[in-house]
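Below is one structure, written out as structure tokens, with a few remarks after it.
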Amino acid sequence: MESNALNIDEKLEPNLPKKPRIEEGCSAEEHGEKPSMSKSQLKKLKKKEYWEKNKRLKRAKEKAAAKEKRKADRVNGVAGPPRRKELKNNSMASSKCKTSVVVDLSFDDKMDKRSIEKCVKQLLRTYSLNRRAENPMQLYFTSLSGESLSEMKKHQGYQNWDVKITDTRYNEMFEKEKIVYLSSESENVLEKLEDDKVYVIGGLVDHNAHKGLCHNLAVQNGINHAQLPIGEYLHMKSRKVLTIDHVFEILLEVSAGASWKDAFLKIIPKRKGVEEKNDISKDNPDCVSNEDSS
């Protein structure tokens, strides 16, 4: 009877191939099985592959175009931009530009983690801009401590950058009469850059949460303050407040001989609703603190 029951069970259940037993700690891929993907995952994967392919093609085209341009410039006797090897020789110590720019980083308590991360990213770009300049400005990052310092430490080798980094406050390093704090709320307008002055940019990413803070602190501490002359050359639909790196880039352009007007038109983002004042021929800037340093 037992053998008959066994035969019946065998007839009811066809001989199907058994799935390989996956041992604990092993993935399905190691046993030759492909993990299933949802339509959404497949779509994202295809999109990623598409962009990666196009990115490589775009870079190849840009590289070829740059090569052709360099070739044409050599034929026409046009001097190209300095090469990376040449830039390594451009230091603040050897620079003809002696104008000092300070980024005041004493606002950790006014920013959340995300804002601090954005602030440090702007510092990285500021340093990069100065490093690539033919004549770098004398750049300082002051009051760097706390969360901002922790975020900066994520960037290996920052201690070796050609920038003066300190936890000391800017007003303890420079004579008060030489300091000019840049703020879009200041009633004073910066007419020109002077070698013996120290221009301070507020290292604050506030998204309008701390409007006028940098200006108020400058007034309270008896520090000179001014705004870039943006209003003398441009109409802006938004507040005349720029990011740390944009303010620095404007100062860098002007220190290299550009007019305020040309520097503004080149650097201020179009999303700010910038319109040129065609009826003005005077050449000066309207200083801004950073987009986030009021």
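The backbone N, Cα and C atoms fix where each Cβ goes, glycine too.
Predicted automatically and left uncurated, TrEMBL annotations should be read as such.
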Co-listed S-adenosyl-L-methionine-binding residue [TrEMBL; alongside LEU182, GLY202, CYS214] among LEU228, LEU234: LEU228
Find the longest CA to CA distance in the recorded S-adenosyl-L-methionine-binding set LEU182, GLY202, CYS214, LEU228; express it in Å as a whole number. 14
For CYS214 (S-adenosyl-L-methionine binding site), what is the secondary structure state per DSSP, taken as helix, strand or coil? helix
Could you say whether, by DSSP, ASP206 (active site, proton acceptor) belongs to a helix, a strand or a coil region? coil
In terms of DSSP three-state secondary structure, what is the assignment for LEU228 (S-adenosyl-L-methionine binding site)? strand
CYS214 (S-adenosyl-L-methionine binding site) to ASP206 (active site, proton acceptor), Cα to Cα, whole Å, comes out at 11
PLDDT averaged over the residues of the domain 'SAM-dependent MTase TRM10-type' (83-275): 91
